[in-house]
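Student: Pasting a structure here, questions to come.
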Amino acid sequence: MKELFLIIGAPGSGKTTDASLIAQADATNITHYSTGDLLRAEVASGSELGKTIDSFISKGNLVPLDVVVNTIVCALKAAPTKTIIIDGYPRSVEQMMEFDKVLSEQNEICLKGVIEVRVSEEVAKERVLGRNRGADDNEEVFYNRMKVYTEPLNEILDFYQKKKLHFIIDGERTIEPIVADMKELIKKIQSI
């Protein structure tokens, strides 16, 4: 059975970098997918679906539920390793509920943990506006993305806390201790 870890955090929390470094350090056992990267790759392909996705991403809004869930399910099925890390998901209560439903209807993938990389809005803003990744990294879009992230957050955290799947990592430190703590946490959860 595949073991799935979801990494959530504000824009600029470092969740994608953290997950990527963990997977790179153990590539034979861990696969990392970023919903943002999967969606941006579709946009870059120039497909009709990509154009639809771009109309949402460029404004900092959520991509429709069916598109995101299909993208993630395809990625999980294609994963070459037992352990899978997906970052940036779920981003809404609807995504969470739909994903929970999809996972409960199969027996190949087990959600082992939802790891929140916690940072203040101030640190998140500093990081996002300093990274110049693309058109979706300006102040107006940042505040919209932050609002999109924080509005459903309490309900998402409550849901996973009740399932005893929610874990917190302090994301305001340098990358090395964050990644080390996350690796340790994943190993600990897998041994339970």
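These residue numbers are counts, starting from 1, taken along the chain as shown.
Backbone N, Cα and C atoms are what each Cβ position is placed from, and that goes for glycine too.
Swiss-Prot feature annotations, pasted as is:
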type	residues	note
BINDING	GLY12, SER13, GLY14, LYS15, THR16, THR17, ARG131, ARG173	ATP binding site
REGION	34-63	region 'NMP'
BINDING	THR35, ARG40, ASN61, LEU62, VAL63, GLY88, TYR89, PRO90, ARG91, GLN95, ARG133, ARG145	AMP binding site
REGION	130-136	region 'LID'
Student: Looking at the binding-site residues GLY14, THR17, ARG91, ARG131, ARG173, which sits with the largest number of other Cβ atoms within 10 Å of its Cβ?
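Tutor: The most densely surrounded of these binding-site residues is GLY14.
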Student: In the region 'NMP' (34-63), how many residues does DSSP call helix, how many strand, and how many coil?
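Tutor: So the region 'NMP' (34-63) is made up of 21 helix, 1 strand, 8 coil.
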Student: Given the binding-site residues SER13, THR16, THR35, ASN61, which one is most crowded in terms of C-beta atoms within 10 angstroms?
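Tutor: Counting Cβ neighbours within 10 Å, the top one is SER13.
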Student: Taking 10 A as the limit, how many CB atoms besides its own sit near the CB of GLY12 (ATP binding site)?
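Tutor: The answer is 23.
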Student: So what's the mean pLDDT when you look at the region 'NMP' (34-63)?
Tutor: 86
Student: At the level of the C-alpha atoms, what whole-angstrom distance separates THR16 (ATP binding site) and THR35 (AMP binding site)?
Tutor: 9
Student: Rounded to a whole number, how many Å is the Cα of TYR89 (AMP binding site) away from the Cα of SER13 (ATP binding site)?
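Tutor: The separation of the Cα atoms works out to 13 Å.
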Student: For LYS15 (ATP binding site), what residues in its own chain, 6 or more apart in sequence, show a Cβ-Cβ distance under 8 Å?
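Tutor: Once residues fewer than 6 apart are set aside, LYS15 (ATP binding site) is near ILE7, ILE8, GLY9, ASP87, GLY88, VAL117, GLY171.
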